[in-house]
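What TrEMBL says about this protein:
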type	residues	note
DOMAIN	30-112	domain 'Pectinesterase inhibitor'
SIGNAL	1-20	signal peptide
């Protein structure tokens, strides 16, 4: 059986170290390049700085995974606040609706957060169609992602933690469309365009 010499072990270690460094550099450049095409490059880079994505598609999945995680955390916070309020009253229903909205977002996002390579394009496109609200139909939607839980309580205001989580989610939603459009061919012509054209016909 061959035994590694100190010299050969050192060479192997050096090769592994260079390979790991290359992955970090490549991942960092992918993030920087993709984020430069979003409305909020610095927020985007902060969100994806720990990503190990090697291409635009896995980067988009990483962004969607972050959105799903934040939506789940926001829903949990909203439910906790709801449970402090009198059941069935106006403020309770408002916070309950807000929590349901975040739950819906998390449910929409999770399938596109990775794991199904064959259906990745379709899943990412579904997320894009959920996030990009057409101006012609926006007012008719039951829930619009920029709506803030803070509106539920005038006195006292929603707790700072929930407001911060809501703002964090909003930032991710500003970033996601541009990230997905770089990953999915034809995403610029998603079903929202069809909906808009049909509504005007």
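Positions of Cβ are set from backbone N, Cα and C atoms, glycine also.
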* To do: State the mean pLDDT for the domain 'Pectinesterase inhibitor' (30-112).
  => 90
* Residue distribution over DSSP helix, strand and coil in the domain 'Pectinesterase inhibitor' (30-112) -> 64 helix, 0 strand, 19 coil
